Amino acid sequence: MSCILRYRYLDNNNMTYIQRGVFENLPNLEKLYLQNNQIQISENGAFLFLPRIIYIDLRNNKDMMCGCHLPALVNYAKTTFNRPMKVEGECQTDTGNNQNKIIPIMEYSQCKNYSLFQRNLQCQTCSGITCKESEVTNCTGDEPVCQFKLSMDGIKLKFEKSCSTFRKCDDAMKNNTLTCNELTSGSTCVACCIGNLCNKKDFIVVCNENTTATSNGTFHWPMTKVGTNVTIPCHANVATRHCSSGKMEYSEMPTSHYVKSLKCSPFTGVWKEPDMSECYNTERITQQLENITSEDINEENVEEISTIVRDISKKAVYFKAKDIDLAVDIQEKMVPLISNVSTNITLNNILPSINDMINTPEEILMEAEQSGGTGSRMLEILEAIPENIPLEEQQITVLHPNFGIGAIKVENDSFNGAVYGISFGNKENGAKTMIYNNSDTSPQAKMVIDFISLPKYLLRRLNSKERSNVSRITFLSLKDDKLYRVKQNSSAKANATIISNIIAADVPNVQTMDLDEPVTISVGLTEKNPGNSKCVFWDQTPGQDPHWSSKGCNTTTYVPGEKMICSCDHLTSFAVLMEIYAIPAHGNTSHLLYITSYIGCGISLACLLLTVIFYVCSKYLRKLMASKILINLCISLAITNVIFLAGMQSYASEITACKAVAALLHFFILTSLMWTAVEALHIFVRMPSSMMKSSILAWGLPAAIVAITLGINHTNNYIRIADVCWLSKVPLYAAFLAPVVAILLFNFIVIFLAICRRSSKKSDEQSEHEIKKMRVFGIFSVTFLFVLSWVIAFIAVEEGAEVFHILFIIFNILLGMFIFIFYCICKKDARDAISSCACNRETGNFNINQ
């Protein structure tokens, strides 16, 4: 390739020194680009053996010292070969008093006695592979150079070293493109140099570069001297290969830069079979890590050590438990130093190391977690780095295949919210991460599904001391929950699976909980059929095993198989890790509770339906105002049970169905309570012909409340909390708790007044007084049981505690059974009416009080 190279671009390479001969033997090179380097000196003769060079670019090498070689070379090319040559760039010339003057390279004029060629040049002159020390000649003439010539005579190589002149050698090198492409019989290759004995080269036998493909992978072997071994990286350790001598008589190859670069000799050594026996030997990894662990890591050596650890961590897939434990030990020593060293050390060494360390097999990480808490410590390191990395700009984001981090500077008075978005990439879109300084920004416009949005009032509740501690907000995202599975380990629930990336935010040194405005989290789903799923965060409450919890987190949008958007009212110092938590099968306790719920609702439903049937079957009972109220109450409670049973099915996990279930539950719970209020009012004031008004009030008022709740916030007031579809926090208080409290107060006040009024009427008949007492007891008991079952259960639904589930089951069964027993079995007039209906007898003489 070097024979036909016409343009060479070496700009922006941090080159500082150009040696003589480094650009030799490029016979067709016309333009050489060396701008934007740090070149200070170029040796005499550095550009001499470029027979077709016409342009050299040396601009923006600010420390380059002036010299005579380039001005002399440009003049020689013009006068001798009539070849125009241009050199661009500036250099420094010493003007005395330690001051330098910047001038164009070609304007340097202190070269009066300078010559491109050395007088009385000594060259080695001989033929063959080896030459005697005495075979040296003083070359005469105006332009002496030393020459090396390689030619092919039949199947033998011929080597010649001699004196020559620059012009002759220049012409010979120009012909290399014709005579030196392949070493067939009659081919010739010529190389020239200046400097005493510059053609005195040793010759070595080599094996050419080679590639092998085995079951262990593909390996590239470099050019290697015959009789030596070469080692290259191989999985956990190294592979070795021996280069042996060839069978042909002339298999030598000179170390000449020209001949090496051409690779034009067909006579080479012979590669032996690779030795892969040490590829999976991890003892070398362990020894290297132990050596580093024993060192004192400080700001002076952290860059060197982090570089070594980065290279070792590339083999993390072969780590043993001890290896990952040692690697984490080293990282823990380096992380406290990152705030005082260059950010590049963290970005280029420490973070790539951790990314590779996450690739350690999960069973190895679990073993290391049990012995030394390794997985937990890796998470702590990932959380600590964005807290300590220097923020030279307003923000910083870093993305690796296994995780991403971010940090943003915060000023309390001007904080306007923040959004951290991330995408680990797929076949259609590349990986990306970003931070916006405004919570109103939508990262979805940037094709990022995963994001966490912090509200502008996040820091509002902080006191002055807490505010003084806030200087940044940090973000962390992980591609999967591998480290959390390791940390959870034996306490992990086998029936739970994380089906999204993990995204987290943290305000270092501050705990923010019970936010006025929730944090919004959006995560894409990795499962197309996630089944029952919910948003969770990583809960590390003291005294409990770390676990995923849904407390305080609500689902606002759910697109099955695509994404879930949630809101959360807290942000802990451990970072809020939001995830989708699929539950393919319930645990033993949860499963038992679900079955018991079905049975309990079924028993209550059966009792309520029997009550309705008995009262409807009797034409005398169904005409009474009290009976009509009871029938409506039972129908409302029965529908509530049916909706609850339907809402626990898998199809209710779809957000539209979930909202419908929540709205219907809201409506029928309120109507049930309203019918208790109608009954209480009827006890206090006889209303023989007010059923139509009572129905409008009992059914209409809850309908209006539900309609308003649906209309506000585009139906998003109804969400999924844990496994239940229900109201979000603010609507729960305004649209549910407030009406419930108002109805209960009304009931108790009216019942109290009714009792007081009845007791003050001395002339009332004793039987009527007993009937009123029974009705007061009945409606009070129904209200009490209803509140204990449905109201408290749905107020406490966010807690998700099993105790509320158990109480709901018990009191819901008692509610249905109480209504049936009290109103159908215990009341004599009801028993008589039912018996009469069953026996088809006349019932006109019954004395039933209204």
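Any Cβ shown, glycine's included, is placed from N, Cα and C.
A quick note: this is a predicted structure, and the numbers were derived from the prediction, not measured.
The domain 'GAIN-B' annotation in TrEMBL covers 420-584. According to TrEMBL, the feature transmembrane segment maps to 592-617, 629-648, 660-684, 696-712, 732-755, 776-797, 803-826. Feature annotation from TrEMBL assigns domain 'G-protein coupled receptors family 2 profile 2' to 593-827.
Looking at which of 629-648, 660-684, 696-712, 732-755, 803-826 has the most CB pairs under 8 Å to the transmembrane segment (592-617), the answer is the stretch 803-826. Across 660-684, 732-755, 803-826, the stretch most heavily in contact with the transmembrane segment (776-797), judged by Cβ pairs under 8 Å, is 803-826. Summarising model confidence by region, the domain 'G-protein coupled receptors family 2 profile 2' (593-827) averages a pLDDT of 84. Same-chain residues lying 6+ beyond the ends of the transmembrane segment (660-684) with a Cβ under 8 Å from its Cβ atoms: 625-626, 629-630, 632-633, 636-637, 639-640, 643-644, 646-647, 652, 694, 697-699, 701-703, 705-706, 709-710, 718-719, 725-727, 735-736, 739-740, 743-744, 746-747, 750-751, 753-754, 757, 772, 775-776, 779, 782-783, 786, 790-791, 794.
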